[in-house]
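S.K.: According to TrEMBL, the protein has these features:
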| type | residues | note |
| --- | --- | --- |
| BINDING | 10-15, K52, 68-69, 144-147, K167, 172-173 | ITP binding site |
| BINDING | E40, D68 | Mg(2+) binding site |
Amino acid sequence: MTSQKLVFVTGNKNKLREVKAILESAPGFTIESQSFDIPELQGTTQEVSRAKCRQAAELIGGPCITEDTALCFKALDDLPGPYIKDFLTKLGNEGLVKLLSGFEDKGATALCTFAYSAGPGTEPILFEGRTEGRIVPPRGPPNFGWNPIFEAEDNGKTFAEMSEDEKNAISHRYRALVKLRAHLEGLSHS
Ligand SMILES: O=P(O)(O)OP(=O)(O)OP(=O)(O)OC[C@H]1O[C@@H](n2cnc3c(O)ncnc32)[C@H](O)[C@@H]1O
Ligand SMILES: [Mg+2]
């Protein structure tokens with residue numbers, strides 16, 4: 001079976017590693033990456049994702065995928081959401097935990113949105129995946145972003161306490177990629 005080559009436009013090496021591990025574990029796809037940190041507009045997670053993918057398709061002049069990760073705190077009406085990168089850069093994981101200290105509800109959703117564009121000028125299609133959990137004082141190695149403070153409902157571990165395989169079996173990214181893969185497999189058979 002020939003494999004379909006996908007261009008993933010991202011500036012994040014950890015994301016790229018997880019996407020390759022999930023998608024290339026079964027035959028069908030190989031991932032090629034283009035490293036660009038695309039400017040992100042403000043808006044809903046869907047608006048941010050669509051705009052990022054449109055720009056990526058223009059930039060590389062062909063089909064591509066982009067990915068956007070949001071971390072939504074229930075007590076804060078889903079903020080920081082798509083702005084998590086700035087919050088994490090400025091406050092760190094300890095600061096994010098403190099942000100919720102005045103609230104009883106520590107519930108959070110990790111939301112991953114993949115966007116697929118067939119090429120410049122075509123409207124991106126979105127695929128969302130969610131993992132439910134809560135924000136806890138850091139546990140596990142600081143291996144990727146907010147991994148140490150996100151405890152998944154699925155197994156009570158923080159993402160940082162999980163092996164890569166464990167995380168990739170329940171993560172927001174995995175759940176979005178299952179949908180993206182189904183869509184792309186449908187395209188290649190039609
Ligand atoms: O180039 P792109 O693909 O946009 O990569 P990015 O690092 O800028 O990523 P985002 O804009 O989606 O911002 C998401 C933030 O959340 C972090 N992050 C993303 N996925 C994560 C995961 O699975 N676990 C922990 N932190 C994650 C990431 O390091 C960023 O600080
Ligand atoms: Mg980004």
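Each Cβ is built from the backbone N, Cα and C atoms, and glycine gets one as well.
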S.K.: Those binding-site residues, N12, K52, D68, G145: which ones have a Cβ sitting under 6 Å from ligand 1?
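M.R.: The qualifying binding-site residues are N12, D68, G145.
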S.K.: Distance between N14 (ITP binding site) and D68 (Mg(2+) binding site) at the Cα atoms, whole Å?
M.R.: 13
S.K.: In which DSSP state, out of helix, strand and coil, do we find N12 (ITP binding site)?
M.R.: coil
S.K.: Give me the CA-CA distance between D68 (Mg(2+) binding site) and N147 (ITP binding site), in Å, as a whole number.
M.R.: 16
S.K.: Would you mind reading off the Cα separation of N12 (ITP binding site) from E40 (Mg(2+) binding site), to the nearest angstrom?
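M.R.: Rounded to the nearest whole number, the Cα-Cα distance is 14 Å.
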S.K.: At the level of the C-alpha atoms, what whole-angstrom distance separates T10 (ITP binding site) and E40 (Mg(2+) binding site)?
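M.R.: Answer for this pair: 12 Å between alpha carbons.
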S.K.: Return only the integer: C-alpha distance in Å from H172 (ITP binding site) to E40 (Mg(2+) binding site).
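M.R.: Just about 20 Å between their Cα atoms.
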S.K.: To which of the binding-site residues T10, N12, N14, T69, N147 does the lowest count of other Cβ atoms within 10 Å belong?
M.R.: N14
S.K.: Would you mind reading off the Cα separation of K52 (ITP binding site) from E40 (Mg(2+) binding site), to the nearest angstrom?
M.R.: 6
S.K.: Using Cβ atoms only, which residues of the same chain lie under 8 Å from G145 (ITP binding site) while being at least 6 residues apart in sequence?
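M.R.: Non-local contacts for G145 (ITP binding site): N14, T69, L88.
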S.K.: Tell me the Cβ contacts of E40 (Mg(2+) binding site) under 8 Å, same chain only and six or more apart in sequence, or just say none.
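M.R.: Result: V48, A51, K52, D68, P82.
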